[in-house]
């Protein structure tokens, strides 16, 4: 496996980069907030999936593949899902309509992230499979004075927790309710948030001590992370936008329910994603899904391979904002085209790549180090290093008949070039390009004659 580097990670909780010390090196545990399955995942959703996939790969390399548990949830109960189900399937009973939306969206999400080269997490819990665990935590919070029932809701009392706001570093009097949390008169404090709310007859619901209802957003992750990772685990990840209120409220629920000093030891957050220099939004007309990029020509007039999208993300440090642009994708594609297709075999990753990733996932330095390895004779080490980043170029299988046809056209192009028929030579090159073939012209070092090699564009 090679030398084990000291892993250093930036912790949002402490605002410091420090050495990572797992609770149990035999079972390193990481939780990352996954998708709410009401719509196809957009390019901003892709960033945490890719970032924490690289961390998952690194942890597996350092501690062993069987000694890392990565949980990434599926949020399949949410008012946005209900609204989408009613819009898209008005003729179906609500539960069937919700299932149609969530199953379709979840299937698409899995297909998208697979094309981005992401490993499957160790476990992928769904919120609807963990309702009993949520109810248990809520009962604990009511029992120890951290939650109360009002107007058909169970709410967390933010003033009952002395250090509420520690993650976001926002004083309580400055905290607003935030996304998905309504400010109502029945709350003791404006920042109190919903743990459980009653459901009407046409809304999904589960029986509870407080009546038929459904969970609030934040309690879902507290329940799922505890079930699969324990009261305290090593790393909790997600996007910068989740620090407040979602992660702040997860911490409050979990710590107050279980009497712990922390929920997770390290909190990691990736930066925002812009598209062509502007905030991505449907109103701006620049809302781009992963599916759009992979399978349509809506961005830059062409489809983009998953490995290009992934590398484009990794060319910016995960904590920095990223401007997702056609220029960036083209740059990533040019870089990939220079890299060999190879197999790692028993080779170990190069220390330069490993050290870069061990320094708070410095993928920028890791990509630069990987590019320096793309030299003749380095194929196995290059491949082992590329696997850590999940950017090993794919080897394309070509059938003999197709290869023979390409060889014939390449030979014909060489003949017309000798005759100085450059128009016809360009036509052949363009024809091959349309078939996904990239030509490379050079000279025979002994004869000085023009030679042309070809490869399938990646």
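If you go along the chain as it appears here, the first residue is 1 and each next one adds 1.
Glycine is treated like the rest: Cβ placed from N, Cα and C.
Since the structure is predicted, the reported quantities are computational estimates derived from the model, not experimental observations.
As recorded in Swiss-Prot:
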type    : residues          : note
BINDING : 33, 221, 246, 250 : Zn(2+) binding site
MOTIF   : 35-45             : motif ''HIGH' region'
MOTIF   : 279-283           : motif ''KMSKS' region'
BINDING : 282               : ATP binding site
Shell of the Zn(2+) site beyond 33, 221, 246, 250, same chain only (C-beta within 8 angstroms of their C-beta centre): 217, 218, 220, 222, 236, 238, 242, 247, 249
Residue, out of the binding-site residues 246, 250, 282, whose Cβ gathers the largest set of other Cβ atoms within 10 Å: 250
Cα-Cα distance linking residue 282 (ATP binding site) and residue 250 (Zn(2+) binding site), given in Å to the nearest integer: 29
Binding-site residues compared (33, 221) - highest count of Cβ atoms within 10 Å: 221
Cα-Cα distance linking residue 33 (Zn(2+) binding site) and the residue listed as 'ATP binding site', given in Å to the nearest integer: 23
DSSP-derived helix, strand and coil totals, residue by residue, for the motif ''HIGH' region' (35-45): 3 helix, 2 strand, 6 coil
Coarse DSSP state, helix versus strand versus coil, of residue 33 (Zn(2+) binding site): coil
Model confidence over the motif ''KMSKS' region' (279-283) (mean pLDDT, whole number): 79
